[in-house]
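Here the structure comes first, spelled out in structure tokens, and everything after it is commentary.
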Amino acid sequence: MSMYIRKGVLGSLVIVMALCTPVLILSMSADKAVFGSFIALLAFSLLTFIHLARGNRDFLYSAVLSFFYVFLFLAPALQVYADKYPWIGRYSSDEINYGYIITFLSLVGFGFGYELNKKFGERKQSDIKYVLSNRGAFRLYIVGLVCIFVGIAFLGMESIISPRNMATDSVLESLESSAVASILQSFFRVSGFLCLVILIVDWISNRKSLNQSQITHRLLMIGSLFLIVMFFNNPVSTARFWFGCIVLSLFLIYIVYRTKYSAGFWFLLNIAIVTCVFPLMDLYRNSLETSVVEAVVNLDTFSELSTSPDFDAFQQQLNTVRYTNLHDHSFGLQTLSSLLFFVPRNVWPSKAQPTGKELANKLGYHFDNLSAPLSAEFYMDGWLFMVVGGMFALGFIYRFFYNRFRTSTDVFSVSFFIFMSCYQMYFLRGSLMAVIGYMVVGMAILFLIRMSKGLFFIQSKH
């Protein structure tokens, strides 16, 4: 075994032990659900150790593991230990054990799906690749601008400069349909951003083939589109998960092309951002009269993890079990309704509510904008079988994305992989119906650009 491999294995072991030991101690000290938390943490430790020891650049897998660690291990350990949750509720040891078993089976399903897909998605190496032509880059730039400005015209300037809750109310009031509002917001916010990502990825990977004049023009387009995208998706009126996705995506482009950082760095960075930065990103939800300095000084990470609704994923998993005991499972309706999020309710009267909202309404919460992690969505739809099957499919698909990213210089594959690697905190936290729109729209936009590549791209030899 070489020195570098030994260092990688040892470093991975140290990271896993440093992260998991405090969670295990808290879980055992709480004297509740020791068995469930232990087997779930064991599965997480094994998957994380294997992933980090490989030293690859699967940033998507790292993002999934960091979500599990923060939302389904660290925060729950603090909540169970203090017997205090983000929302009103008390849970028995059996219920908490069952919640951890759902987490355990989610990890097992995802891990098996990921490991079984060894080659599917790989591309054969080719001497030919597609790069943006000068005219194509300008056309893509114009497409991004048009989508953003049309979005402002449809959604209204009030939705861009107001605090997020007021902006959301403004959009719903002007469009009179939550389905239409969701589609339009997803399309306009994602389209301009993905045009920016493609421009940056293409410029970084192909800049050596450009002359100084072309480089200057590309940088002007990238710089101006960046400013407009950030204005349109500013942290005041925009959901912080989406704003965070944009910022992280731009940083990940830098990591992919300008550094040799492995997926382990991305794993730790995501944990640090979610625990330390994420709670500060919701300062302007209701008002602009908020002091950032005061919020930073008063930030109590452990209190946030224990009591903040931002970290209610595990409690919502417990609430899902309680809900199905009272109302049975939905047998696929939640997932189907989420996939068909664009269908208006007046066309489909029996369309399900977002899972978080359904739980809130049936379990007596006064506030219904709750999360619902993907594992809870699957459990509501089909008990533990759906949890394993759904997460297995997700692991298989995510390995496909990584295989494509690893073996391809295709700007579409790279751009989509970067986008997905930064969207996981939003996507996995749910509710699925509320967050799937951005991902589906992103896939559709990249597909349309790819199908129209003659307008934007030319063939070039490596």
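The backbone N, Cα and C atoms fix where each Cβ goes, and this holds for glycine too.
Please treat TrEMBL annotations as automatic predictions, because they have not gone through curation.
Annotated in TrEMBL:
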- 9-27: transmembrane segment (TRANSMEM)
- 33-52: transmembrane segment (TRANSMEM)
- 59-78: transmembrane segment (TRANSMEM)
- 98-117: transmembrane segment (TRANSMEM)
- 138-161: transmembrane segment (TRANSMEM)
- 181-203: transmembrane segment (TRANSMEM)
- 215-233: transmembrane segment (TRANSMEM)
- 239-257: transmembrane segment (TRANSMEM)
- 264-281: transmembrane segment (TRANSMEM)
- 383-402: transmembrane segment (TRANSMEM)
- 409-426: transmembrane segment (TRANSMEM)
- 432-449: transmembrane segment (TRANSMEM)
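Most Cβ pairs under 8 Å to the transmembrane segment (59-78), among the stretches 98-117, 138-161, 215-233, 409-426, belong to 409-426. Distant neighbours of the transmembrane segment (264-281): 11-12, 15, 19, 48, 51-52, 55, 59, 62-63, 65-67, 69-71, 74, 235, 240, 243-244, 248, 252, 255, 292, 295-296, 299, 301, 304-305, 308, 310, 421, 425; these residues of the same chain sit at least 6 beyond its ends, with a Cβ under 8 Å from one of its Cβ atoms.
Long-range contacts of the transmembrane segment (98-117) within the same chain, counting only residues at least 6 positions beyond its ends with a Cβ under 8 Å from a Cβ of the stretch, are 33, 36-37, 39-40, 43-44, 47, 61, 64, 68, 72-73, 76, 91, 314, 317-318, 321, 374-376, 378-379, 384, 387-400, 403. Residues of the same chain lying 6 or more positions beyond the ends of the transmembrane segment (138-161) and with a Cβ under 8 Å from any Cβ of it are 132, 167-168, 170-171, 174-175, 184-185, 187-189, 191-192, 195-196, 198-199, 217, 221, 225, 228-229, 231-232, 234, 236-237, 449, 455-456. Contact counts against the transmembrane segment (239-257), taken as Cβ pairs under 8 Å, peak for 409-426 among the stretches 9-27, 215-233, 409-426. Residues 59-60, 62-64, 66-67, 123, 129-132, 194, 197-198, 201-202, 205, 239, 241-242, 244-246, 248-249, 252-253, 256, 266, 270, 274, 278, 398, 401-402, 435, 438-439, 442-443, 446, 449-450, 457, 462 of the same chain sit 6 or more residues outside the transmembrane segment (409-426) yet have a Cβ under 8 Å from a Cβ within it.
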